[in-house]
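Below is one structure, written out as structure tokens; comments come after it.
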Amino acid sequence: MDYQSFSNYAKMVGDEAEKGDSMSKTVKGSLMVLLAGIAWGISGVSGQYLMAHGMDVHLLTSLRLMISGVVLTALVLWRHKEKVIALVTTKKHFKELLIYSLLGLGLNQYAYLMAIRYSNAGTATVLQYLSPILVLIFVSATAKRLPTITESLAILLAILGTVIMACHGELSHLAISPIGLFWGIFSALTYAYCVIKPVNMIKTWGSLIVIGLAMLMGGVVFPIVTRAWRYPLMLTAGNLVALIGIIGIGTIFAYTFFLKGASLIGPVKATLLASIEPVASVFFAIVLMKELFYVIDLLGMALILVAVLLISFRDLLLYQKERRLLKAVKRQKRF
């Protein structure tokens, strides 16, 4: 499997970049991806607000999966009805979709919200951003090769950043709760699984179809498994606004804008710009939830973000090189 770190998540979920890199498309696509990253940042702090104001994590996960799944599936049915029907009637891919929905997307949504519950939105988002490093380690192991110097540096920075965040540089104690650290790292593991598992399905059926149906299936199964109806639905004015933030803005809007933006500017550039998400999440946690971050916390977060950007920049260079080679081959064929 030729799968290079987090930038290939955008390749997996984004449509192919449209021909003709005009300035207007570049500006429009970049803005859409930036807004998607900020929207994902809003989703985390919205989830933190809801759980701080009486919303149970099982009910919140169920609502997010169910409502987002219904809206996204309705959208793809409107545009690609035949492909949706073909997918759900293809036994092999339907089974794969069910596994991805429950063990990937659904479990990741739950783990991320649990990490927020036991820490905060900013910390949980940064810890989840360890997923590209985990994907890198997985790919290196399956390919039976050692990481390159750049990859090794990224892994080292990610580990160092995690240790600094968890211990504030003192290995004798944890600066965040052990359960918060566990769920943060587990959310990164499940996110890495979400990157790797549905590659072939998305190549065959398209990103929005797979994501929409997976969310819908998770939204049906997850509340049954967790018996989410046992928990009260606290619908205050503030909670309604936060639900719009986590579902409308942070899921439906974020996914659709990211995918469209990636189709305009290319997958690797989109991934780089979407890295604004943890920055936005920390910012909103400080401003809206009055969270306190120490300088050493921000240092650890910065190291993890630099690790991700190292891999993304490397992939950007490789992507641009591949495009130049393809253009050269096309020119030679003309002559």
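Positions of Cβ are set from backbone N, Cα and C atoms, glycine also.
Curation does not apply to TrEMBL; its annotations are automatic.
The following features are taken from TrEMBL:
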- 28-165: domain 'EamA' (DOMAIN)
- 31-51: transmembrane segment (TRANSMEM)
- 57-77: transmembrane segment (TRANSMEM)
- 97-115: transmembrane segment (TRANSMEM)
- 121-141: transmembrane segment (TRANSMEM)
- 153-171: transmembrane segment (TRANSMEM)
- 177-196: transmembrane segment (TRANSMEM)
- 179-312: domain 'EamA' (DOMAIN)
- 208-225: transmembrane segment (TRANSMEM)
- 237-258: transmembrane segment (TRANSMEM)
- 270-288: transmembrane segment (TRANSMEM)
- 294-317: transmembrane segment (TRANSMEM)
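Relative to the transmembrane segment (31-51), the listed stretch 237-258 leads the set 57-77, 121-141, 153-171, 208-225, 237-258 in CB pairs under 8 A. A Cβ distance under 8 Å defines the sequence-distant neighbours of the transmembrane segment (208-225), meaning residues of its chain 6+ beyond its ends; these are 13, 58-59, 61-62, 65-70, 72-73, 75-76, 80, 83-84, 87-88, 97-98, 100-102, 104-106, 109-110, 198, 201-202, 251, 255-256, 259. Summarised by DSSP class, the composition of the domain 'EamA' (179-312) is 117 helix, 0 strand, 17 coil.
Per-class residue totals from DSSP over the domain 'EamA' (28-165), listed helix then strand then coil: 122 helix, 0 strand, 16 coil.
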